[in-house]
Amino acid sequence: MREEYGKLDKVEMSIWECCELLNNVVDYSDPDSDDPQTEHLFQTAEAIRKDYPNEDWLHLTGLIHDLGKILLHPIMGELPQWAVVGDIFPVGCAFDESILHHKGNPDSESPSYNTKYGVYQQGCGLENVLMSWGHDDYMYLVAKENGTTLPSSALFIIRYHSFYPLHKAGAYTHLMNEEDVENLKWLNIFNKYDLYSKSKVRVDVEKVKPYYISLIEKYFPAKLRW
């Protein structure tokens, strides 16, 4: 999947165009799947903006963190839900008990993969850990390969916001390095505004659009390869 989608040869569009296109996508793992995807993006971004007014990079991260779900759209090949949404987890080492439906994966029977460290070393850094494929890693690839100037903490949030075994259950910390530890602090802040925290107050998109367009222009090129 990384080889196929890492080519970023499916379509060219702006961040804002992707936000609009995401309204045609439904994430069935989302407890508020009845609401448009962009509703969640703006509610997340605006809630963060209210509490952290000086961290504009975090506002934009709130807006774009789920744009990888565009993989569900026909324009991207319409991948199945299980391959795009839901929790992510490391492969190549033992599955933590907190991972949903981890039993039955044949890797758990492999002596090369079913130990605490598996193919990794202590403190190797999450950058060097292969994660299960999903919208997190895809959006991270899109941002990185298109030359975003967002800080590493933003890319960490985008890449690991569905890594619930880490930031909810506290698993796999033995694989983290010092930079991961620092970035996890921001991810923990971000999570307070993400899942299950959606407000029923509608965001006036046209009112806030100029602000977010300015942030997109600050941190991203006009058109991105997806």
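Just so it is clear, glycine is given a Cβ too, placed from its N, Cα and C backbone atoms.
Heads up, TrEMBL stuff is auto-annotated, nobody curated it.
The Fe cation 1 binding site annotation in TrEMBL covers His40, His65, Asp66, His135, His161. Residues or ranges marked as Fe cation 2 binding site in TrEMBL: Asp194.
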Listed in sequence order, residues with CB under 8 A of Asp194 (Fe cation 2 binding site) and six or more positions away: Thr44, His65, His161
His135 (Fe cation 1 binding site), number of other Cβ atoms within 10 Å: 26
Cβ neighbours of His40 (Fe cation 1 binding site) where a neighbour is any other Cβ within 10 Å: 24
Fewest-neighbour residue among binding-site residues, criterion Cβ within 10 Å, set His65, His161: His161
Intrachain C-beta neighbours of Asp66 (Fe cation 1 binding site), sequence separation six or more, cut-off 8 angstroms: Leu22, Asp27, Gln37, His40, Leu41, His135, Met139
8 Å Cβ shell about His40, His65, Asp66, His135, His161 centroid, Fe cation 1 site members excluded: Leu41, Thr44, Leu67, Gly68, Lys69, Asp136, Met139, Ile158, Ser162, Asp194
